[in-house]
Each structure stands twice: as C-alpha cells, then as structure tokens.
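S.K.: Annotated active site, proton donor/acceptor per Swiss-Prot: D102, K201, in sequence order. As annotated by Swiss-Prot, active site, schiff-base intermediate with acetaldehyde applies to K167.
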Amino acid sequence: MTDLKASSLRALKLMDLTTLNDDDTNEKVIALCHQAKTPVGNTAAVCIYPRFIPIARKTLNEQGTPDIRIATVTNFPHGNDDIDIALAETRAAIAYGADEVDVVFPYRALIAGNEQVGFELVKACKEACAAANVLLKVIIETGELKEEALIRKASEISIKAGADFIKTSTGKVPVNATPESARIMMEVIRDMGVEKTVGFKPAGGVRSAEDAQQFLAIADELFGADWADSRHYRFGASSLLASLLKALGHGDGKSASSY
C-alpha cells in the first residue's frame, strides 16, 4: 500500500462527513449517511444540523452502521457570546440524540479582549455534554482569530474549560483549516500535556487526499503515529471523501460539495 493510500484509509475512518447547508433536507442527510458507509470502511461520524439527527439515526441503524456517530453544531456559525443561548442549543442537540456537539467559541469576544465569556460558555456546554456522555468539540474559528497568540489562547481556554476536541473552523468563513493553524493548536495540546484526553479536528478546506496526508503528518510528528485515532483526531469535511475513495481505487474523485 502506498503512503497516500495508507494515509487516505486512515483519514476516511477519521472523517466527520459533513453537510451544514441552508438547503439541507431529509433526503440530503439520508444520502450523506449512505455515503458514510463506504466500500473500504465507515467514516467516524456524520455532522449535521440538530433537526436532522432523528432521520440520521434511523438511516444509520437501518443500513447496519449504528457505530457511525452523529455530531451536530451549536452556537453556529456566528460564535456569539450569549451563554444561555449556546447552552440551550447544546441541551436541545443532546435531547435530539447527538453523540457529539461541535460548539462555536465566542471568538469575537476574545478578539475584543474578553477571555472569561469563552471559558464560561465552553464550561457550561461541557457540563451538559458530560452529564449525557456526549463529546464536546470547540470550534475556535482560526481564520478569524488570525494571530498565533489568539489561536493559542482560544485553544488553551477551550481545553481548560473541558473541551474534548479543539476544532479549527466552521467552514463558513473565508479561511478555514490550514496546516499552520493545525500545528499551533496541536502544539497547545502537547504543551498542556493533555494529548491523552483532548483531540484535534481540522475542518473546512481539507479537500484532497494529499491535504489529509499533510494534516495527519503534523499529528504524527508531534505525537507519534498511534495518536491520531477517532478519539483524538477527526476531519470535518464532505468533498474530501470522494478524493480519499479515488486514492483508494474507488470512484472518480468528484464531489458535489465544497465543505
């Protein structure tokens, strides 16, 4: 197996196969769930809006893949600093049956100098998730934070507040996951000594098998080749799947999606 094939198989099994579009429908979510079951293995999860969780659960069970996890998003994509709303949305997502919640950190508040609201928001959502055995991923929106110091600070705050994963991006802003921001965030995980309990998720802009290989190489460099399993690493993507399958000898590499 070539290096690209090996990394592509790894990446496929780490994917949160995603559709977060305004025109999402039950039919599109059903199709996404079907795509998550591939000839070479299943993706780690699907990531969808909360209202589609019941139809996704039904579809995943019916196709014999109940182990594919269901992730959803809250405080999304705006990352406002209203803790009550973020918490209410997170509780609603849990009530819908989410296995994982990806909440957007109040990044604009941090840019304006407010570190406390981000900590409190993540902490509140973590308490709700922990009570229901739901994983919490925190989206810090690196492409808007821009500066290394802010990316580092948002990562640190999220981890201190209880994040199970730190995630680069919503996929809804001009700049999403980059190798540079990925390295900064994983270095924070390393520097804080939390690599056993905190994972990393690049999202948006990871579109090709070669992209995925590059992102995995950073994780392998920092933590060794065994770290990036589905408890410690995910890719938030949709168009990536077709490229990975093509690298693995399945399909033509074409995808209808841009995430």
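Each residue, glycine too, has its Cβ placed from N, Cα and C.
Keep in mind the model is a prediction, meaning the values are calculated, not measured.
A description of the local structural setting of each listed feature is requested, covering burial, neighbours and distances.
M.R.: According to DSSP, D102 (active site, proton donor/acceptor) is assigned to a strand segment.
Sequence-distant contacts (6 or more apart, same chain, Cβ under 8 Å) of K167 (active site, schiff-base intermediate with acetaldehyde) comprise D102, K137, V138, I139, I140, F200, K201, P202, A203, R234, G236.
In this structure, K201 (active site, proton donor/acceptor) is part of a beta strand by DSSP.
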S.K.: When you measure from the Cβ of D102 (active site, proton donor/acceptor), how many other Cβ atoms are you left with inside 10 Å?
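M.R.: I get 28 for this one.
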